[in-house]
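Written out below as structure tokens is the structure these notes cover.
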């Protein structure tokens, strides 16, 4: 069977015999054929690929990193980044200004919508499991004329989101470490912005060092992180209630207080304050699930393992987090302003101190800080993979230097330290003050949600005809879940750009995430249109024609030609 096409120039003439594909036409011709299909980069079918290496070749890349991560370890990356109890400790000062209603019900309600985000992302990740993830999906489903620009902006936004996530985790870690010092010195220690940044910088460097090791060691760290976090949560569920029960000056709060106490400590209307205080915390805590995507090229059976990691980590954190919020509301003082303004600098440290005393409060904060450090290490791992993947496609400045993989360790060491340097620079917000530092949290949320929303919208609109499901697909309910997810993502992007107060805003109260994220989106677009368009062509294969032919096999080549003949 043969088919002939022609053009005025004669450049597009071809004759292909499907029984002799490898010899009848160069593989570059096959790539040209598929690239002409609207919104399609390569022929990719996760269900028919024989193994991870073949599927990665269909996506366009050679296997450079070793696949050590099991399903549980992929879940462990996301669960470790979420951290749960350490994360809740970091954002408690954001939740409590809306009272226990925002703390408890804000978590539960927003958690449902976060799960829809994860379900939608799992479909994308299962169909095309690559470390580049979001910017690759954007390119794959975008209209031809907008592919490169949208992919470039999303790639930068996703990189910023992960770096901002690392910043916020290490900022929380610095606060926890300093709270331990304050408790240990009986309040005879002053926390300053400079001290905060100094500890923060040390934490960033430490996480960079611990993740600059072989991939197999990093994968084992995830199992250890899961066990550590679960043991910490179990200890929390036992120790805090027991401490309150034995206390002479504290009593448990009743159900009406836990589930119904409203307190608005801002000048926003009650409804808006409920969402600011209730929705922002969980969207930050359960915001690291896309880290599973960035481990796609190191995961075994990635088309199934990555969705398992995303959905599993969200579900566990949503449910356990809801009960943690209930226990905090039941075991804390009713003096919410006093808890938020604690001399320890950490509301949860004050709650532990009130219920358990000095020694137990210090012990708990040490354990929380340790688990938060594991969070930061896991986030640094995810950052390095995203930066490496984006640099591999020449999406970053100095890409030729950054994309080099340390062959001995099978790890992108240079990408790791590029992320660390960026985190040290953005973390200078710590020097401005507490309100400015809170922008690290909202910046991570807004950049993340933008990076998730764009490929999802494209897949559900322009690219819906070329979407080929992987091992995970929701079937008939898929459009419903995806559009709920898109709507929530858009709402959250707007929500987190609001400052904590609406009147008399001074530089210290400014929400600097608006400045950062707006600059990244606009400057990325301008940078691409003025200069980077010469070099960034979107995700590009690093396979030679011979490697592509060998890796994908005859079945895929036949399928490519069959689709073209349609």
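All residue numbers here begin at 1 and follow the chain in the order shown.
Note: Cβ is positioned from N, Cα and C throughout, glycine not excepted.
All TrEMBL annotations are machine predictions without curation.
For reference, TrEMBL has these:
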- 72-92: transmembrane segment (TRANSMEM)
- 104-137: transmembrane segment (TRANSMEM)
- 197-219: transmembrane segment (TRANSMEM)
- 226-244: transmembrane segment (TRANSMEM)
- 305-330: transmembrane segment (TRANSMEM)
- 360-383: transmembrane segment (TRANSMEM)
- 415-434: transmembrane segment (TRANSMEM)
- 480-501: transmembrane segment (TRANSMEM)
- 513-531: transmembrane segment (TRANSMEM)
Recorded stretch that, among 104-137, 226-244, 305-330, 360-383, 480-501, has the most CB pairs under 8 Å to the transmembrane segment (415-434): 360-383
Find the member of 104-137, 226-244, 360-383 that has more C-beta pairs under 8 Å to the transmembrane segment (305-330) than any other listed stretch. 104-137
Between the transmembrane segment (360-383) and the stretches 72-92, 104-137, 226-244, work out which stretch tops the count of Cβ pairs under 8 Å. 72-92
Intrachain residues whose Cβ lies under 8 Å of the transmembrane segment (104-137), provided they are six or more past its termini: 41, 44, 46, 52, 55-56, 59, 61, 65, 95, 98, 151-152, 154-155, 158, 258-259, 274-275, 277-279, 281-283, 286, 289-290, 292-299, 302-304, 306-307, 310-311, 314-315, 318, 321-322, 325-326, 329, 385-386, 388-390, 392-393, 395, 451-452, 454-456, 458-459, 467-474, 478, 481-482, 484-486, 488-489, 539
